[in-house]
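Just below is one structure, and these are the notes that go with it.
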Amino acid sequence: MNQYTIQQIADVLNAPSQIAEPAALVEYLLTDSRRIAFPQTSLFIALQTGRNDGHLYISEVYNSGVRNFMVRKGFDTTALTGANIVFVNNTLDALQQLAAWHRKQFHYPVIGVTGSNGKTIVKEWLYQLLSPDYTIVRSPRSYNSQTGVPLSVWQMSEQHNLAILEAGISTVHEMARLQAIIQPGIGILTNIGEAHNEGFTGYREKALEKLRLFSNSQVLVYCTENLAQAGIDITGDDRHLLPAGLQLFSWSRSGNATVKLLQEEQNPAQDTTQLRVRYADTTFSFAIPFTDKASVDNAITCCCIMLYLQTGAEKIQQRMPALQAVDMRLQLMKGVNGCYLLNDAYNNDLASLTIALDHLVQQAGAHRKTVILSDIFQAGMAPAQLYRQVAAEISMRRISRFIGIGTQMQQVKHLLENMPDAPAIELYESTDAFLHKVTTHHFRDEYVLLKGARVFAFERISNWLGQKVHQTVMEINLSALVHNLKQYQQELRPGVKLMAMVKAFGYGSGSAEIAGMLQFHKVDYLAVAYADEGVELRKAGISLPILIMNVDEAAFEVLVQYNLEPELFSFGILTAFQQYVRQQGLQQYPVHIKIDTGMHRLGFELHDMEALQALLTQSTHLRVKSVFSHLASSEDPGDDAFTDLQAVRFTEACTLLQQQLGYRFIRHLSNTGGISRRHDLQFDMVRLGIGLYGIDSANNEHMNLQTVATLKTTIAQLRHVPAGDTVGYNRKGKITADSLIATIRIGYADGFGRRFSNGAGQVYINGRLAPVIGNVAMDMTMVNVTGIPGVQENDEVEIFGHQLPVQQVAAWGKTIAYEILTGIGQRVKRIYYED
Ligand SMILES: *Cc1c(COP(=O)(O)O)cnc(C)c1O
C-alpha cells in the first residue's frame, strides 16, 4: 500500500499548507463524501465538478474523522481544528499532478488503452490473459475520466509489475492531461467508432486527439483499417504526429501489418471463432469463444500485446479459448418475498466491490441490506490487508447481514465482529453448502447484493432468489439517467435548483428506483402527480422534499403523515387544506402555489392574486415554499411569443405575492423543453421531466442524451405461412407471398397498443426491422420476419430503446414518446442496471 505523509504531498504540489501533524499518513484519496472507509489515512480532495462542489461537504467529512484536506486557495478552514490542509489553485489539477508524480515512482510496463469502443473489454481480457504471468493493477470498471484516471493510477504499488489503464475523453484537449498521468509505454488504440462523437468537429479530429495518449510511448498497437477509416495515414503523411521512436505494431485483415489476420471462421453451433494469424515468419491459429466481429477485433488486439510482450504463441493458444465475456452491468431485479437482488457479474475485486456496495446503499435506502460475498482473488495485495479493507468497506455502510461464502471469509468475520455497526454474520464453505442449508424464507423485504468470483457460480443463487421472469422486460440504464441529469444541469445558471419529475411511475421507468438514484445525485426536489406515488417514495426511503401536483381532500391525511407538499391550485383546495392543517395543530406547512398563465389546466389566475395574498397572510399555518406555472409549448420556437407572455404573467404574479408575503419563495416555470431552449426562463428552479429519460422534447441535438429505457421481448413461435392465408384476429393480416411469421410475447395489455397493427409499427430483430402483421392481440403480436437471416425461436426482440428510438415508435403510433413510455404495463418487469 502506498503511504505518503501529508507534508510530502504538500511538497510535491509545491502548495501552501497549514499542517498540524506533518507525519500524518495518507493512503487513500477521497473525492466523494459518501465513501469514507478509512478516515484517519484518507486525504479528502474537494473537487468542483459540473454543478457539485466538494467544498460544501467538508464539515461533514471532517465530522466523519477525516483530517487531511486539499482545498482551493482562500477557502475558509478555521472551523477545521487540528486538520492538515493543502491549498491549491485548482483541486482537479492538483489531483492529476499528484497522480502523475505517483506514477513516476514505478518502472514496470504500463499499458494505456483508448478508443471509442472496446476499451474496457480489451483491458479486462488482457487481465484474464496475462494474469498467470504478471501481478496486474488495472482501472476499476471503466474509471477512465479526468478524475477516474488519477484514482486508478493511485492504485499502482510496488507489489504490481504491470498496469493496464483506460483513458476516455469527451472533448478536445483532454487527452494530453490523461497522457501526463498514465504515461503509457505501451499504447492500444481499439477503434474510432461513432460513439461519443459530440465534442469533436469530426472523425479525424477525434482520432488525432486519441493519438495524443501515445505521445511518449514506445509502441502502439492498432488496426490499420480503423485508422484509415478515420482518414489518418499513420505510416505516411501523418507519421510526424507521433514520436519518431514509436514502434508501430499494427494488425490488419487486408493490408500490410505486423500481424495479419489470415482467416476467421465462425462456428455458430459452438459459439466459437477460429482465427489464423501471421506474425513475423510464423503462422498460428487459435480459437475464441465468441462469434461477433467486435470480439474478434478485441481478441486480435490482445493477441498483438501478448506477442509484443513475448508471451509466446503457445500461451495465446491455451488462454484465448478460455476468455470470458465482460458483463459490466449491475443488475437490480425483484426477488422472492419482496426482496430486491443487486447482481454484480463483474469481476470480484476490491474496487468493484466498493462500487457495488455504493449502489446497494443507494438503491436500498432505508431497507435492510444483505451482502453475499465470496472469496476474492486479487493480485498484488496480501490477503490480510485485502480482507481488512473488505471488512471496513462493509462496516461503514451499515449492512444488516453479511453472508460469506468460501474458506477465506472466516477472516472477514473476525474483523467485522470487532467493528462498529457489525452486521449479523453467516458463513458457508461453498455455494453448494449455502444452497443446501438455507431456504428462501431466510430472505424477506430486503436488498441483497450478490458479489462472487466466477468459480463460486453465484448465478445459481440469483436464479434461486430471483423471481421467474415474464419474458418481456424493460431495461433501465441508471447510468444513462445520471448522464442525462448532468446534461441538463450544465444548462443551468449558477444557483438554479432542479426538481425532477418522477410522476407516472417515473415516466414508466419505475419511481422508487429512479428517485433513489436522483436523491443520491442530489437533485433538490421531486414531484409526482398523486399522493399515493409520494407515499410509495417515502416508503422506499426517499427523504427529499416531494411536491404532489394533484391533491384532493381525501389525500390530506397521508400528505401530512408522510410529509408531502401539495400544489394548491384553487381557493377550494387552499382553504380546505388550510383548515385541515389548523385542525392538526400544525404551523408553516410547506405548500406550492400554482398559477395559470395560459395553459388553462390548473392554477390561480392573475386576478386572483389579491384574494390569494389575503388568505395566505391571514394565518401562519401554511408556508409558501414555491410559486410556479407550466408552459404550454416550451419546446416549440413557433410559440415563443406565447411562452414570453406566460413568463410575463408569471413574473407579475410572483411580484404581487412576494410583496405581501414578506418572505422569499422559489419561482419555477420551465420543463424539459424550456430548460434546453430558454435559458432566460430558469427563474430559481426548473422542473425536469422527459429529458431525464433521454428525450429532449425540443429535439436539441446539442443535448447529447442517452437512452434510458429499452423494452424487449422474445419470439415465442416461428411458422411458415403460405400465400393466401391470414394471420390474427379478424383475419386482418393478409399473406400475399409465402412468409415466415414470428409470434412475440407482447400485446396491448403490455402497452404495445393496437395502433401498431397491420404494419403501422415495426420491431427490431437480429439487426433488421420486422413489421407487425395483423392486429395486435392482448398478450401477443405477430411480426413478419421473412428474409431476416438467422431468426430463431426465443430470439430477442427490441420494441424500442437502443436500436429503435422510442420517438420513432411514437411517430409510427401517431403519438408522443411520453404516452408510449408511461403506457408500458406494470406486468412488464423493470430491470435496472448501471454500466
Ligand atoms: C410533467 C410536468 C413537467 C415535466 O415536463 P417535461 O416536458 O416532461 O419536462 C413539468 N411541470 C409540470 C407541472 C408537469 O406536470
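Every residue gets a Cβ built from N, Cα and C, even glycine.
Just so you know, TrEMBL annotations never went through curation; they're auto-generated.
What TrEMBL lists as active site, proton acceptor is LYS503, TYR729. According to TrEMBL, the substrate binding site annotation covers ARG601, MET778. Annotated domain 'Alanine racemase C-terminal' per TrEMBL: 708-833, in sequence order. Residues annotated as N6-(pyridoxal phosphate)lysine in TrEMBL: LYS503.
Between the CA atoms of LYS503 (active site, proton acceptor) and TYR729 (active site, proton acceptor) there is a gap of 35 Å, rounded to the nearest whole number. There are 10 other CB atoms within 10 A of the CB of ARG601 (substrate binding site), with all protein chains counted. Listed in sequence order, the recorded positions among ARG601, TYR729, MET778 whose CB lies under 6 angstroms from an atom of ligand 1 come out as none at all.
Residue counts for the domain 'Alanine racemase C-terminal' (708-833) under DSSP, helix first, then strand, then coil, are 22 helix, 46 strand, 58 coil. Long-range C-beta contacts of TYR729 (active site, proton acceptor), restricted to its own chain and to partners at least six residues apart, with a cutoff below 8 Å, comprise GLY774, ASN775, ALA777. Sequence-distant neighbours of MET778 (substrate binding site) (same chain, 6+ apart, CB under 8 A from its CB) are GLY747, TYR748, ALA749. Model confidence over the domain 'Alanine racemase C-terminal' (708-833) is summarised by a mean pLDDT of 95.
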